Every structure is written in C-alpha cells, then in structure tokens.
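The domain 'tRNA-binding' feature in Swiss-Prot is assigned to 40-168; the stated evidence is sequence analysis. Residues or ranges marked as domain 'B5' by Swiss-Prot: 426-501. According to Swiss-Prot, the feature Mg(2+) binding site maps to Asp479, Asp485, Glu488, Glu489, an assignment based on sequence analysis. Here Swiss-Prot flags 753-846 as domain 'FDX-ACB'.
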Amino acid sequence: MRVPLSWLGEYVDLEPGTTPAEVHAALVSVGLEEEGVHTFGIEGPVVVGEVIDFVEEPQSNGKTIRWCQVRVAAEGQKAADGGADVRGIVCGAGNFFPGDKVVVTLPGAALPGPAPLTPFVIAARKTYGHVSDGMIASARELGLGDDHDGILRLSTLGLDPEVGADAVSLLGLDDTAVEVNVTPDRGYAFSIRGIAREYAHATGAAFRDPAEAVASPPPHAHGFSVAVEDRAPIRDRVGASVFVTRVVRDVDATRPTPPWMVARLKLAGIRSISLVVDITNYVMLELGQPTHGYDLDRLSGGIVVRRAHAGETLVTLDDQTRALHAEDLLITDDSGAIGLAGVMGGASTEIGAGTRNVLVEAANFDPVSIARTARRHKLPSEASKRFERGVDPRVAVAAAARVVQLLEQLAGGTADGLGSLLDETADAEPIRLPDDYIPNLIGVAFTDDEVRGALAEIGGSVSDTEGALLVVPPTWRPDLRDKSDLAEEVARIVGFDRIPSVLPVAPPGRGLSRAQTLRRAVAQTLADNGATEVLAFPFVGAAQNDLFGSPEPGGVPAVKLANPLDATAAYLRTSLLPGLLGIAKRNLARGLVDLSVYETGTVFLPGAALGSETLPPGAALPSRETLAGLNAGIPDQPRHLAGVVLGHTVRKQPGQPAVAAGLADALAMVDQAAAAVGVAVEPVQSRHQALHPGRTAQLVAGDGVRTVLGYAGELSPALAAELDLPRVVAVFELDLDALIAVAPAEIVAGTIAGFPAATQDLSLVVGDEVPAGEVLRAVREGAGALLEDIRLVDDYRGTGLPDSSKSLTFALRFRADDRTLTAAEASEAKQAGAARAGQLFGAAIRE
C-alpha cells in the first residue's frame, strides 16, 4: 500500500518536517512492513509558461519542429533559474497554440530518467539549428500519465495559473508516498483510513475518521431496485451482505481529473483513466471500500446479485469475453450479467464520455467468493484484493456518499434521492478474554488499563464479566475472531518491545526418540566410513516400482499422483533404489566415476483400502467413520535405507593396484549400518529380478526369529547397460524400521580381552553353488566358543581346483577369557570348524 503523505496528513496529525523514514518507523512499530519511498523525482526550476508564438520548421528527416517563444516569468522579471523572462525552446509536439499555458522545465531542472536513479537533467543545448533554453514537458515526462505525443496544456486540467508559478506544487508533484507491505489478515490497512489509524496507534497523534467526515443521507423510501438472490452460497455465506446505491445526474464525464487527484492516484500506484473512474478509485484508496460506477442510462431495470448460470458469458471492462463458472458472483440487470462482483465491471454499462447519469455502487461481498472468482479468471484487481481480505461492512454507505460528493464537486453532477440500502450484516459476537490469558500467553503482566486501552484504541467495545472481559471487535477487523487475536493486538498496541528477550527453558524429558537416535547413528556411521548421504525425489515411474519394489516379477501396487510434475514419474516410490541410481547416473555424466552414496527415506506401500473413501467438501465436517476410512487409505510409509557403490573403492596408486567396488562393499555398508544399532545381519544367497543371479543376497537379522530386512547384490549386467551404468554396480536396501525394531534395547560392550589372540587361516574347497555365507556359519558353529571372529578373505576359482569348485579362505581369530591359548588348542578349534563345514557341505581342507 502506497500512502501519499499529504493525504495521510488530512486524517492524522503529522508534525511539521515529518520524514518518510519517521512515518515508516512508526508504522513498523505496529506490525506493518517497510517497503520503500516513492516521489515524482522532479527537482529544480519547473514553472508555468505561456506560449507567445512559434514558427514551424520542417526538417530533412520528415519531422516538423516548432521554434517557440515562451514566457516563463512576469514581463520584466527574472525567471526561476535567474534568466530572461522569455525563452526560445525547440518542441516537437504539435498540440498547442499561442496563449496556451504549459509546464516548462528550465535549465538545471531534473526529471525522472528512463532508468531508476538516473535523472534526466535539463540544460540549454543546440538542436535543430537553435539553442533550446529549456523544455516544454509532456504528462509522461512529469510522471502524471502515459501521454507522450503532445505536451501538457494546463487548460485541459482546468487550470489557468500565473506565468512563472511553481508548476511542481501546482500539480502536486512535490508529494512523497511511503509504501508498506500489508499482511493478509489486515485488509483494513489497504486504505488511507486504515494507515492513518495505525499511525495514530503508533504515535498518539489525533485521528480523524474520513468515513465520519461525509454526510450520509438515508436512501429514498422507493429507491433503486436491488435484490440478492444467492441460491448457492459458498460455505453458507450469502455473496453480498451490504449493497448501497446512489444516483448522480447531469454529470460531465469529460471534465479533467484535477491535478491533485491525478498526483495522489499516481503516487498510490493507480493511473488516471477518467474523472468518474478516478473518483471511484480515489474513494477506494481513501476508505478501503471498492466502489463502482454504472452508466445509469445503459441499465435495464434493477440490479440482482446472483450466481452465474450454465453457459453464461460476460465481456469485462478489459474487452475480454469470459466464460462464467457456477460459483461466480455476478451483478446483473434485466439484460443479463453486467459485472463480476467485487472483481471487474462489464463493458455494457461502462462509464464513457457520453455518460450523463451515474449509478454508484458500494457493496460488501463474501471474501471467499471474490477470491475464488479472481483466481479462476486470473483477474486480480485492486477491488478483489480488498474484498478477499475483508472490507468494513459499515463503511459502504459513507463510501457511496463520498463518491456522490466528489461527483457533485468535480463533475458538476446533482445527487438524486433515488438510491437504496440493503444491509443484512450480523452484529459481531463478543469474545471472552479471561483476565489471566494475556499474561500467560505473552509472558508480560500488562496492567488492566493497558489491556482495556489497547482494545479500545483498535475500536473494540469492552465490557466486564466475571473473571474476564467481553470484547466486541470493530467492524473493520474481521480477522479478530478469538482471544489469541486480542492478545496479539494488545501486545502490538502496547509495544512488542515490552516483551522481554528471554530464552524459554526446555521442559525435561524431551529430546530425540530411540528410533530417531538410531536412525541418526546409522546415517552418521555410513558417512564416517566414506559414503555420501543424498536425497532423491520420491516420484518414479511404474516400471521402476515394478522392478525394484519386489524381488519377483509381476508388478507391485503403488500410489499414483493426481497431478504429477512429470508424466514419466507419476507414482510414489516403493523402493529407494530408482532415485539413487538416477543420482549415480547424473554424477557419472559429470565425471564422478567412483561413487558410494546412501539415502534414508520413506517408501509408500498402499494398502487395499487406498482410495475407498472420498474426501468430503471443505465446508463439511467429516464423520468418524469417514475419517477412519481416510486413515485406512493412507499408504504404509516405512523408512528404508539404501545404498549404491560403483567404480573403485581404492584408486590406483604407485605400488598399489585399484580395487574395484562390488557386492562385498555393499555388504560392508550393511554391516556398518547394522553394527551401529547392535544387530548382526547375515547375507543369505537369494534371487531378485533386478540383480545378478549369482551375486544376490537376502539380508537376515541373526536373531532367533531371523527377520528378513532387505537385500543386497549387483545389478544384472543387462539392466546396468540399459541404465547406462558400469557393468558392476553394487546396491543394497534395508527396511530401517524393521532393523531398529530388532535392535537390542541396550548395546552391551564386551569385556576387554586380558589374554592374547591366536590367528589362523582356513582354506576350504566347496562346490561353486555353495554360498560362502553358509560355509562361514558352519565354521563358526563348529569352532565353538573360542572363535572370536571369522572373516572371508579370499574366494578363488581356477587352476589347481576341481571343476565346478571354489576355494574359500577364512581368517580366524581365537581367544580364551581365562588363559593364553596354545597353538594346539587353536588348531583343534579350527579343525572342528572345518569338520562341521565338511559335514554340511562336503568341504575339504585345501592343502
């Protein structure tokens, strides 16, 4: 909202010399936001001149210029710049005559330039063979309009000032506007009336309500016919609660808008259109009540406010034919729609140069109806901006009277008794404000006088009841609906600076839940071991869900998006891997060939009830059964952990070959994540439709129940090629919620070993088809309690081995708690482990 200071000063006392910065500071103190300062940007000598004579001189470029003699000061007097009273000025316009009064910018003056903060400085300069000693200005050059084809003739504004008079003050170009940002809940501040009231709150200056400064005669008993026939109100709120009409006859619509009004409208951000339209805009800015003028002679019968009919259209003032929606609120007469209520009028009743009789409308429309209509037709307007935030229903009568007053004063019209008032506004319900509510909420012990004074200052009616105040909010504050709103107003008016800067004390017993702590531990552990955490979009294609969402082919159910960002990714993910593989592909394209990434996030697994219950309309309170059905339809959203490893885990260095990433690295990440929560995870050979048939493992928690947590493996070569990925890409995915569910309540650290360990290697030859993990478990089982740790260190297939067999080498570590083991004891335990593997899988010790 832009507020010209001269206008603001009419309704609140401004101390002489008050600066825009001081006005901004006062308004900021009551919750408005500073945006900027606006001026016309005119400096230096700009005076009224009179054209004495001119000579037209055709030029070689086809243009005709006028070499003018212009009087810029009284005869024999010095001009404002100290020069002669008559100046020779070159002018390219052709719309003026000898004797016309014009605006002359003398050398040394500065006008707004084509670029911000770059003024256009006037100087005497030679052009077209003459020294032009100044410039005759157009309306656009002065910032008063868009007309640049001709110069501004003051007679067209109804002005006949003295030659040499200061044109800046004459045209109101010396005014300044402060701009503030108005929050959506404070629509009343979209007016000079509202801003003046807020300035009075901030400074204590006297406030004069412009709505009370204009006489509002009662409408004629047999006034203009108006009816509201809203048969489909939105949220049970009738589209119009107040509708005021007034009639003004014998209006001269061709009269110019006075320059003071043009200047104020321009500073407020609204361009001048015509006198009648400018008056309605001026009153809207002044009082915050949008008004509209109709050409009375073009109306057919009375006015009816109703919803649009099917197939109905309307040509609006911008000459656009609009197909109307059944929710659109219309202003109609006997001929049909003549305006979109609260948004824009229709072309059929537009005020024009030939208009003689004007019907003035000031109404109060339902904010939701206006907001929906404006958005539906992509037609934001100054009127809709105010209506959708809430307009004072009690100001409509005053606004209509103010428009009538200005039409009489400026357009020569005569007020007619033919008018009407439809008012179905309900009185606001009082809000109960307990005595202890504000200090408990805000933390400041405001006195009773401060609370009462603040509530009265904003226009509230305050009365006493037992243990509380009853407060009736003012009609211009529809945002005040409960006691918390009143508490905020008290804090705002008394001063936010009264609230102490004290950090609240955190209540005991709060903090991270066990699940949150473990999830963070998992993520931190993987990051500590060199992996990078990433976040992928949760939207994927159906084929990706089918491929990774289940080990077996056949597709999986998934949640489809109603309005996807991308038609190729129209489903919520059932696996984290599609997003991670997409991230890997993008990184590879940018030259990052060695990659280890992971993500923790939710996947979406729909149940059978998905979509079985329809969401009720916004205005209806859903039943418990409906809510239960909606809740049942929400997909299950477990948290998963997934990772992708490709390239090399160790790069080639002098004396050290590169180590390629593979399944073992994915399993290592699984072990790291599981160890972070105290769970042992065992890989069990398995199959998955997206993974290499011989390089896939199911991940099982090593507890008594043996819970399946997920899978790991290498992408099938065909899929890797299809995705433009390297041949070997290791992946894993775990149900993180399930992993945490089987985690022990406490991770008990083992005792520190007091005796040395004995280490030995064991190489076993088994068939190719025997999983290494199964052999490892057999050795551990057979070796007994002395075996402290076992790791697979080699998987050899080749020369020296029988066909279809492999050699698995394990590193064994033995230790006893009460003694130092002998080599014989360690060897005996190793042999027992080998024997158990031989018993189960036919394993033989490789010599």
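First residue shown is number 1, and so on along the chain.
The backbone N, Cα and C atoms fix where each Cβ goes, and this holds for glycine too.
Note that the structure is predicted; figures quoted are calculated from it, not measured.
Shown in sequence order, Asp185, Arg477, Leu480, Ser484, Leu486, Ala487, Arg492 are the same-chain residues outside Asp479, Asp485, Glu488, Glu489 whose Cβ sits within 8 Å of the Cβ centre of the Mg(2+) site. Note on Asp485 (Mg(2+) binding site): other Cβ atoms within 10 Å of its Cβ, all shown chains, come to 16.
Per DSSP, the domain 'tRNA-binding' (40-168) is made up of 10 helix, 47 strand, 72 coil. Each residue in the domain 'B5' (426-501) has a pLDDT score, and their mean in this model is 91. Of all the binding-site residues listed (Asp479, Glu488, Glu489), Glu489 sits in the most crowded Cβ setting, with the most other Cβ atoms within 10 Å. Per-class residue totals from DSSP over the domain 'B5' (426-501), listed helix then strand then coil: 31 helix, 14 strand, 31 coil. Look at the domain 'FDX-ACB' (753-846): DSSP puts its residues at 34 helix, 32 strand, 28 coil.
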